[in-house]
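For reference, the structure is listed below as structure tokens.
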């Protein structure tokens, strides 16, 4: 009831409010929801190793002093063929595009630990950026902690930006003393959000710049127009996109490890600096636009994706039977999980009820962390009638 009241009532406003709407886009499973949770400081969005955990767009709200950041967590950009394969709703195709329409800034998240996809943006992401060339965009390289050969970040950054950042050309400089163990230093222009000694906002490697000088470097030497000139990037046609691996209009590159929270604060400070004067859209006590029931459904579904094989979890329907608040503020939730087949029911329950018990236990703990109260969660499994 409190959440509903906060969402429906007019938000409080400081004397000079500022606001920034940030859309986070990327391929499925790039770590968008994990990054959102780290920025918010609480887990309110579901995360899983399986793709398409996020099924609809949701807003996270960060209020800091006179500034409000509205984070638009969107489903991974996909296409109709993949959507049909995973039995995804129509919203999975339209929500990321809808979020872009309302964004002041877009973060493009790339998983650098995936060697199959890390050197090029997906066609869906490129199409999305091309459709909204007037919206400033920032490249975020995620999971850099997993990458053992740090010098590869130079190559990845060059490929994903087409060699251009903020209107300036990037040039790779090679040294005879190539050392795969050396740290990375990308001499992009520093922002106020980063310490003076670190040339890349968000790069965890700035403090080891002396080692990096013996490896490879990027030099943004010559002007290339676009974002740096204030004219904005031009619209790219379908033929242009076919030949593109990256996007030459990013304003910044950030490198972080969202799961461990490394350098997330640097990105957060940068976002706060980009906010423009404007009224707040949410009350300062609001953390997400989701209802408590939606948060609950998402967290339980996250566990289903984690512990059920193949396509099984995508066919589960969740029905909340009981949602009651006790006298001491504890929350009792009873939810039915409806599955299409008896075999799926056996898988979900597990031998001796171990699987369903583990799901209920872990989901219950996450709900306590999200709602900051005692939660008693009971799950029932039934075959759809």
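Note that the numbers count up from 1, one per residue, in the order the chain is shown.
The backbone N, Cα and C atoms fix where each Cβ goes, glycine too.
The feature region 'G3', as given by TrEMBL for the ranges 69-72, 73-76, 77-80, sits at 73-76.
TrEMBL lists region 'G2' at one of the ranges 42-46, 47-51, 52-56, 57-61, namely 52-56. Range with TrEMBL annotation region 'G1', chosen from 18-25, 26-33, 34-41, 82-89, is 26-33. Looking at the stretches 138-141, 142-145, 146-149, the one that TrEMBL records under the feature region 'G4' is 142-145. Using a Cβ-Cβ cut-off under 8 Å and counting only residues 6 or more beyond its ends in the same chain, the region 'G4' (142-145) has close neighbours at 30-31, 35, 109-113, 153, 204, 255-260, 262.
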